[in-house]
């Protein structure tokens, strides 16, 4: 069988970013050890605070150019109090790479990697059992990229929210595609604030028309964002399916959802530049948690980053079997009790990574 090389740019970022990306690479190397026809080529570059310290900018040109040429990008975490809220901030590197690479769709699953984790949720197990939501957030438009005015001494500041029909159609098509990958198709929920905001009224109208005209077998239900935030806590399974939201609403609701499984260290994410209809969409993959500057070395949970690699394998690298194997390995390891402290365990970051890598080899052997 012909040798295939997958080119992956690794952006460890700040604080725990280095540790978690090392464990993710460990799992990918475990795959190549039992799939000799596949080789992973890793290129490491700076982003965030580490890049500011070394180069003065949060996203060096060489990191961006390398990312553009890669099959996928693996990101650790960026930010920390060291860099404050000055004019040059680590988070600017994230916003820039999303915009430059046109990573318009952020996918954040909210589910339980194993039912053995149900007791860790801040909600009652009987309420959260069966939660299976994929939040699809529009990532390169809206208020985060709109015109703005800072307070220049006059005591006035403002931000603007703007969406076009084409932007809303594009993210709706992503949600529709993902819903159709299941049999029966998943329901689609669209979150907005159409009772107040003009941009939300355009959003709702465009989502409705796009689903009706292009995905006639799907159902779409519209929910006001504040109501959805309450439902997510009271009865999260009610929102099971694909949830679509604009940039700011998606940012907030996905962070709320991330608390349901009991630890931010469990949840992966993917940011895609196109539909994964051939399993080769270009994407950036990262855990949902931050850089955890106060966490001692060896304590961070690598599961979210490793599950992000599972998404990468399935959506960008056309290695669905291997991606599923990683998910199975994570479940096996968690069920065996090998866990970091955030999951009431006593294992180190590298011990969890070692156990998952070993399980992946056994599953694929």
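Along the chain as shown, residues are numbered 1 onward.
Glycine is no exception: its Cβ is also placed from the backbone N, Cα and C atoms.
Going through 108, 148 against Swiss-Prot, the one listed in the substrate site together with 98, 137, 226 turns out to be 108. Nearest to residue 98 (substrate binding site) in space, judged by Cα atoms and limited to the binding-site residues 89, 255, 293, 296, is 89. Residues 98, 108, 137, 226 are recorded as binding substrate; their most distant pair of Cα atoms lies 27 Å apart. Apart from the site residues 226, 251, 255, the chain places the Cβ of 225, 229, 248, 249, 250, 252, 253, 254, 256 no farther than 8 Å from the centroid of the site's Cβ atoms, the recorded Mg(2+) location. Distance from the CA of residue 296 (NAD(+) binding site) to the CA of residue 144 (site 'Important for catalysis') is 32 Å. Among the binding-site residues 251, 255, 299, the ones whose Cα sits within 10 Å of the Cα of residue 137 (substrate binding site) are 251, in sequence order. In this structure the C-alpha atoms belonging to residue 255 (Mg(2+) binding site) and residue 290 (NAD(+) binding site) are separated by 11 Å. Reported as a whole number, the C-alpha separation between residue 193 (site 'Important for catalysis') and residue 89 (NAD(+) binding site) equals 30 Å.
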